[in-house]
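Participant: One structure is given below, represented as structure tokens, and several questions about it will come after.
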Amino acid sequence: MSPAMANPRVRKFNPIAFTPLPVTFITTIVYLAVLILVLVTYLVVPPAPTLEMSPKGVNLTEAWRDLQHLTEGFHPYNSRRNDDVHAWLLHRIEAIVRESASADGGPEVFVFDDNLSNLTYSNGGVSKSPIVGVYFESTNIIVYIRGSEDDPQNWWEWSNGKPKGKGGVLVNAHYDSVSTGYGATDDGMGVVSLLQLLRYFTTAGNKPRKGLVLLFNNGEEDYLNGARVYSQHAMSNFTHTFLNLEGAGAGGRACLFRSTDTEVTRFYKNAKHPFGSVLAGDGFKLGLIRSQTDYVVFNGVLGLRGLDVSFIAPRSRYHTDQDDARHTNVDSLWHMLSVAIGTTEGLVSYTGTDFDSKTTDQDKVNSGDGTLGIWFDIFGSAFAVFRLHTLFALSVTLLVIGPLVLFITSIALSKTDRMYLFSMSKSLGGASETVSLRGLRGLFRTPIILTVTTVIPIGLAYLLEKINPYIVHSSQFAVWSMMLSVWIFVAWFLARVADFFRPSALHRAYSYTWIFIVTWIMLVISTVYANQKGIAAGYFTFFYFAAVFLATWVSYLELFSLPRKGYYARQASRRQKRRSSSLSSRLLTPSADELPSDIGPNGAENVGDPDETDPTESTSLLRGQRTTFANYRTGGDDWVTEYTAEDEHVREASIFGHEQSWSWTLPRWTWILQLLLLAPIVIILVGQVGLLLTTAMSQIGSDGVSTFIVYLACALFSTLLFAPLLPFIHRFTYHVPTFLLLIFIGTLIYNLVAFPFSPANRLKIFFIQEVNLDDGTNKVSLTGIQPYLTDTINAIPSAAGQTANCTQGPFGSLVRCSWSGLPPRVVKEDPGNDQTMGPYTWISYNITRTVGKNEARIKVSGRNTRACKLKFDNPVADYRISGSAVDHRLPHTSRQGVAEIRLWSRTWENTWVVDVDWHSNPVNPGESKDGDEKQDVSKNELSGKVICLWSDNNESGVIPALDEVRLYAPAWVAISKSADGLVEASHDFIIQ
């Protein structure tokens, strides 16, 4: 007897069959391959080209040396080093311009060292709160490269001169850093990219068609001051589009952070290595991202249309001493520079009129009106961009067509009597006899598995939030590994248990149907948000649903390969009767275990098929045809199909396990088509969004924001990422799930017990020192999250023996703790004398009240500083700065009044003259924002503080308290600024 005859269920190995080994191997390979590509895109920066391969006019070696020089020290606006950087930039610009002037064919270049513009404005108010007023003096450097199609006249030299022709292109970067960071990525790389753009577009052969303005702005870190005061320069009326280069991380790839519209975003496709998603822009719209960039000024105030490109990770180095050249690399610099070159070249070469038509707002430049767009990169090599309205139309169409196609297909299946889905049994004519089809098996399996596999990761998110909430700060991928591994193992375990007890050939069809329903609902929600709120972050749901629809349709089309239900039932009934007659003639009736494999316990046939009745004396001599997907013929009620023993073995070998016997004609390869239709696009789009979201938010805990939203995102995106496995996972062998179970156990233990911070992923603690010049006392304050803030303070020698006064911080879970610290030495008698002046001499101020009116003039000046401010216990109604410009586009006051006036000067030890007037409102004693008791004054009096700021942290010993904190704080702590100044000194005042 041959082996096949000995074991009728032996089947030849088919490498693409829907059986455990091919399913496990192929699915694992597909997921790993695409996931690795997605991870490589996020973790590996494209290498910088060699000098020989660099674009003509670009010198990366020079750019890197410029970055090293720029980041030699801290250079905030209120520092001497900032003046040095300003002078160095002018020198570098002039050198590049001289080189281009010596070459033939170079464009005209004009350099504006803007030391005239100034502006008074405000933050516009928040709800009913008083606003903050600002006076700022410009030290911006503006470089204009005249385009070949620009107005040849120097129109900016005329009184009220305006440019003719098409608008130019603005590329912006700020050259100031924070007082605690060297500014390599925030925004040194942007600055040196501007220098290289200047070299590139002044090189022969690269002359721009439209004018290009390079803005080296100063003062972004303190209040976007540099961009706001740029609005007072003539060039702000010339530019219609912009590219803003920023940094909110410390390397990696430069990400397209946000964009004003579809039309301008299309120019980003010129970038050699595009990277970004519309998700980040919607984060700003929804208020999830609180920090801002110069983008809001260029677009919101001036009306320019453009792009915001920024480094986004790791945020633990952002605004710290690790934002330096040592912690980044030339590859990241090249990525930003290549993006800037590609995008800018496209903008300055554009000949259309999209950015030159009139706008409805007369206060803004005539840059036209754009359309909301959707954009995302694919593996950092390709870039997709299209209108949000287009996606809305496609989504609505698909929401209607998808269910309609499946409904029509279901009707066709019912008409041809092959709709096994939702079919429990089939009646034989009008008789009471029925044959079981077991078509409901697996109907509710997928929603149960989907629910459990979603709930468990969410439960783990709660667990991490309670036990070790900040582990994601340093171990994002450990959290991802935990979530993904538990999802796959639980899904496999539940699917295998269900398949063991109730095997079903319809598992795939039912799984896809449920996923179709869930993604249909997701697309409805996404479409509503896109239409009503302009939110495009759910763009991936369209592609997700489209792929699910196609995969589901394949499962429905597969059913056409099955025998007609009536035909199957008649054949099963006949065979049952013949076998029952044969069995009744035996002396001994066999037990259920002795029955043939195709006879169920109730006598019904388990493997009914048109071709499987045993030959008898009455059997026709002609064997009937097999019923297959490709070769099916209908017959009358008396038509009978017969098979040889060999055919019977083939049929039985085509049935997997104990699944329904009618399933033997189902195609065995279509699962691969479904996998390839759905899995890659889901991994690419969902994986991209998930990684971008968690990468940008993994370190928000140090800012006082709850990390639960990060863990919740990991949990939900795990479900979205691996839901395409549900139709196949019951076929997996135990090897991969068991391995993932071990991964889950290991990562769970690690995530629960590991210390969340490290020298490579430090916790940010925010520093400020406040000096009361009236009594000479000072307090050092650190702001951070507990219990790590207390651990840091306990390591500081000057805090030993003192009880720190801790209060609720400015946001979320932040706590602020203060103690009496080492006195600062920010003011000296003269540059050559180390003797520190008494604190009472640091600020000079004079207040003169207008007789009979609630008006006063305040003159204030600080030693060794160019930044001061006035804080009022009750808001003033209005204020004016002597010699300042005002702009109705940037109101300087509001109905709520002004609680604080910030004063910035380009001149050291400047004297500001501020006129204020206030309403006659009674003042009740209470607690001020900083905890100091308010003074009880009459309704015609005004009280407050005169404060000056010191931010220069380049010389050791000037701020001993900061030096001490940096020296003794744990290695896993990074010190960042808490406010505009590192040291703030104040006098109280009362105007009577």
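Using N, Cα and C of the backbone, Cβ positions are placed for all residues, glycine too.
Pasting the feature list from Swiss-Prot:
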{"type": "TOPO_DOM", "residues": "1-24", "note": "topological domain 'Cytoplasmic'"}
{"type": "CARBOHYD", "residues": "N59", "note": "N-linked glycosylation site"}
{"type": "CARBOHYD", "residues": "N115", "note": "N-linked glycosylation site"}
{"type": "CARBOHYD", "residues": "N118", "note": "N-linked glycosylation site"}
{"type": "BINDING", "residues": "H174, D186, E246", "note": "Zn(2+) 1 binding site"}
{"type": "BINDING", "residues": "D186, E221, H319", "note": "Zn(2+) 2 binding site"}
{"type": "ACT_SITE", "residues": "E220", "note": "active site, proton acceptor"}
{"type": "CARBOHYD", "residues": "N237", "note": "N-linked glycosylation site"}
{"type": "SITE", "residues": "Y318", "note": "site 'Transition state stabilizer'"}
{"type": "TOPO_DOM", "residues": "412-446", "note": "topological domain 'Cytoplasmic'"}
{"type": "TOPO_DOM", "residues": "496-508", "note": "topological domain 'Cytoplasmic'"}
{"type": "TOPO_DOM", "residues": "555-671", "note": "topological domain 'Cytoplasmic'"}
{"type": "REGION", "residues": "579-620", "note": "region 'Disordered'"}
{"type": "TOPO_DOM", "residues": "730-736", "note": "topological domain 'Cytoplasmic'"}
{"type": "CARBOHYD", "residues": "N805", "note": "N-linked glycosylation site"}
{"type": "CARBOHYD", "residues": "N846", "note": "N-linked glycosylation site"}
{"type": "CARBOHYD", "residues": "N954", "note": "N-linked glycosylation site"}
Participant: To see if you understand the setup: which same-chain residues, six or more apart in sequence, place their Cβ under 8 Å from that of Y318 (site 'Transition state stabilizer')?
Facilitator: G181, T185, D186, G247, A248, G249, A250
Participant: Tell me which residues of the chain lie with their Cβ under 8 angstroms from that of N805 (N-linked glycosylation site), as long as they are six or more apart in sequence?
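Facilitator: Spatial neighbours, sequence-distant, of N805 (N-linked glycosylation site): C817, S818, W819.
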Participant: Looking only at the topological domain 'Cytoplasmic' (412-446), how are its residues distributed among DSSP helix, strand and coil?
Facilitator: 6 helix, 6 strand, 23 coil
Participant: Between the Cα atoms of H319 (Zn(2+) 2 binding site) and E246 (Zn(2+) 1 binding site), find the distance and write it as a whole number of Å.
Facilitator: 13
Participant: Write down the Cα-Cα distance for E221 (Zn(2+) 2 binding site) and N115 (N-linked glycosylation site), rounded and given in Å.
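Facilitator: Per the Cα atoms, N115 (N-linked glycosylation site) and E221 (Zn(2+) 2 binding site) stand 19 Å apart.
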Participant: Where does Y318 (site 'Transition state stabilizer') sit in DSSP terms: helix, strand, or coil?
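Facilitator: Going by the DSSP assignment, Y318 (site 'Transition state stabilizer') belongs to neither helix nor strand, so it counts as coil.
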Participant: Specify the secondary structure state of N115 (N-linked glycosylation site) as given by DSSP, simplified to three classes.
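Facilitator: The three-state answer is coil.
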Participant: With DSSP assignments reduced to helix, strand and coil, which class does E220 (active site, proton acceptor) get?
Facilitator: helix
Participant: Would you kindly list the residues that approach the topological domain 'Cytoplasmic' (730-736) from elsewhere in its chain, counting only those six or more residues past its ends and only Cβ-Cβ distances under 8 Å?
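Facilitator: Hits for the topological domain 'Cytoplasmic' (730-736): 18-21, 23-24, 27-28, 488, 492, 495-496, 498-499, 507.
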Participant: According to DSSP, folded down to helix, strand and coil, what is N237 (N-linked glycosylation site)?
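Facilitator: Its secondary structure by DSSP: helix.
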Participant: Which whole-number value in Å describes the distance between the Cα atoms of E246 (Zn(2+) 1 binding site) and N954 (N-linked glycosylation site)?
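Facilitator: The separation of the Cα atoms works out to 23 Å.
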Participant: Expressed to the nearest Å, what is the distance separating the residue listed as 'active site, proton acceptor' and N954 (N-linked glycosylation site) at their Cα atoms?
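Facilitator: Answer for this pair: 20 Å between alpha carbons.
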